[in-house]
Every structure is written in C-alpha cells, then in structure tokens.
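Trainee: Supplied in structure tokens, the structure appears directly below.
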Amino acid sequence: MEITEFRQRLEERGFSLSQAQLDQFEHYYHTLVEWNEKMNLTAITDKEGVYLKHFYDSLTAAFYVDFTKVATVVDVGAGAGFPSIPLKIVFPELRVTIVDSLKKRIGFLEHLSETLGLKGTAFYHDRAETFAQKKEHREQYDLVLARAVARLPVLSELCLPLAKVEGTFVAMKGAGANEELTAAQGALKKLGGSVIQNEQFTLPIEESERHVIIIRKERSTPKKYPRKPGTPNKQPLS
C-alpha cells in the first residue's frame, strides 16, 4: 500500500491524518526495519507491506470502535506495537499500555515511543497470565486489544480479566475467526464476556479476510482466571 493510498483510504473512513502523523508512521517504518536486522520483530519489511499489513490493518479496529470515547487501552502481546501504536498515533489522547513476554520487544517499543514523541504510553515485560492477576491492572482498562496472538478461547482468558466490567475486548482475526468464535463460547461465558459484533471485511489490495470481534465484559471475571502461565494454551477453556 502506497502512502498516498494509506492516507486516502483512512480519509474515506473519516480519519484525516496530519503531516506530523504521517511523519510518525514513516519514522515507525524506518525504526522497525532498522531494529528488525538485530531482532525478529516482523517477517514483513517491504514498505508497502508494512503500511498495508501492519499500519492499515491495525487501524481497521477504529472502523468499528469509537476510540474517541475510550480512555485506557491495553494491548496484549503487541509484538512490534500492533495494533496499539498505530492507533495511538491516530488517537494521541489514548492512554496505551502494552504487555509482552519478550524483553527485547519491550526495549524496541520503549525506544520507538520515545522517538515518536508519544505521551501516555506504558510498557510491561510480563506474561499475560501473571499481568492480569495484578490488582493494579486487573479489570482496570476500558478496552483490551489483541491481534492474532492466539486462538480466541485462549485469548479470551488472557484478555477479559483486564477489561473493566462494561468494558470491551477487541480481537482482531483473520480467516477462521468464525470457527474460533464458536469454540470460544464456553470460555466467554465463564469469563464474563458476550460477543456484541463480529465484523467481517476484506483487507484491500491482497483481498484477505479479516474480522474485528467486539466482546463486552458483562460481569467480573472469576479470580481463578487467567490460570498459571502456559495452562490456557495447553488446556483451553471450553
């Protein structure tokens, strides 16, 4: 995706980026590629691919969620900062927290945030299972984001405990999302969540299937969830 198309497609969706914001995306791209030579951040390094499959894809969450009405966001397993850093660039008032299990990635994100001049960001090197059991984070966030981290029954156990009651968990998925959603029904019931939207669309240019699944946190998650590190993945809730 060329930068001009990136800008135009966002404008069509009602998001008009300033030159300063476009410059931030350019800096993000160059920093990502530079650091990727030292550590494995992404398999996608060509400029058009990064703009489409990382930047634009991350921002599709805003096509279905009004981020101007969200104060606090936590991104679980953000890797190289997707989707939360692109969203932070477009919605600078967001207070963004990122948790990732790899310390090197957190180092990259701290450097990136500083050089982009982002305010209101926090980064934690932690497992999602232990992070969500800490009282300063548990049920403290308006919105929890995750992009293709794990299958939905597993992801729900990692993410829903972080959402406030009446908050939102947004899972960004590809093809196979409907099957994951079916498999996650039991987990969602146990964790206090309920699906309110499953938005299916096609990523432009490559025409690949995408889903933005919006789950409302209707009641407090039982304290036993998430279970100890590794257990949600080995023994998914059903």
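A Cβ is built for glycine as well, from the same backbone N, Cα and C atoms used for every other residue.
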Trainee: Could you look at R95, R138, R147 and say which one Swiss-Prot places alongside G77, F82, A128, E129 in the S-adenosyl-L-methionine site?
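Mentor: Answer, per Swiss-Prot (S-adenosyl-L-methionine site with G77, F82, A128, E129), from R95, R138, R147: R147.
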Trainee: So how many of the residues in the region 'Disordered' (216-238) end up helix, strand or coil by DSSP?
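Mentor: Per DSSP, the residues of the region 'Disordered' (216-238) fall into 4 helix, 2 strand, 17 coil.
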Trainee: What residues, ordered by sequence, lie under 8 A Cβ-to-Cβ from G77 (S-adenosyl-L-methionine binding site) and sit at least six positions away in the same chain?
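Mentor: Non-local contacts for G77 (S-adenosyl-L-methionine binding site): V99, D100, S101, A128, A146, V149, A150, L158.
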Trainee: Over all shown protein chains, what is the count of other CB atoms within 10 A of the CB belonging to E129 (S-adenosyl-L-methionine binding site)?
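Mentor: That number is 20.
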